[in-house]
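Copied over from TrEMBL, here are the features:
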REGION    52-74  region 'Disordered'
REGION    87-237  region 'Disordered'
COMPBIAS  119-131  compositional bias 'Low complexity'
COMPBIAS  165-199  compositional bias 'Low complexity'
COMPBIAS  200-212  compositional bias 'Gly residues'
COMPBIAS  225-237  compositional bias 'Low complexity'
COMPBIAS  268-297  compositional bias 'Basic and acidic residues'
REGION    268-335  region 'Disordered'
COMPBIAS  305-314  compositional bias 'Basic and acidic residues'
COMPBIAS  315-329  compositional bias 'Basic residues'
């Protein structure tokens, strides 16, 4: 390995050798940021000056300019090489210092942010006991509004229905949304009948003169509710076979599985044909490029194009074989 120190001492001048030495460790570590910037500026100026002088000598040697007296062209190239290497070392040191300073600043900012986040939150203006609770609307809380509270017995029956009568199943059926309309109507009719019955009994307890008439009215309402419930049940008995028939006509799980396998076979077959066409196209392109490369004046780009086209053709053939195997497997499973 050549001794670059001796070569630098022989080629470079005193100032150039001093600058090149300062660009090496450990001398460069002792420089401040301002001194390092000044060193980079001086190295760049000397390098540009040597480059300009070398260009003048090259033009004079080619006959494009006046003759320039100077040192040997080989020594000038070495001077330029040594000064460019010193400039690269100085620039690398400056970039390293800038990166380290940015990392230190970022770490300090992170620590300050962490300290700020770790501080306790400021105390609230009022204690929790003195704050007013938010009022929830009656529609969201499930309570009955004041306007909806009735004076007669039907409102009393509705409130009792929410506790355990038929009105609660009707509300749950309406919220679920997935049940049939016939079942909802049955629940509503039964709930209405029980609510009316409870309301009638409350009215009977409050009325002192017409007890027998109120009992008779409650009995009539109960019978009407039972009749409505039986009619809805009959509707369900009629609707159930129709729903079952529609599901049977749509095909069971086995039929749907067979259809999905058939679609899979068709999809794999189409993909296999598509990749086979791509492979044929790529093969034709590879042959064309190979012919161009085989000519006496064939260029390197034609050979490279032929290799790329052959790789694409092989890839397309592999994909075509893969999808063909998948299609055969799906067809075998379909049986």
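Cβ atoms are placed via backbone N, Cα and C, with glycine included.
Just so you know, TrEMBL annotations are computer predictions that nobody has curated.
With helix defined as DSSP H, G or I and strand as E or B, the compositional bias 'Basic and acidic residues' (305-314) counts 10 helix, 0 strand, 0 coil. Sorting each residue of the compositional bias 'Basic residues' (315-329) by its DSSP state yields 15 helix, 0 strand, 0 coil. Here the region 'Disordered' (268-335) is broken down by DSSP into helix, strand and coil counts: 62 helix, 0 strand, 6 coil.
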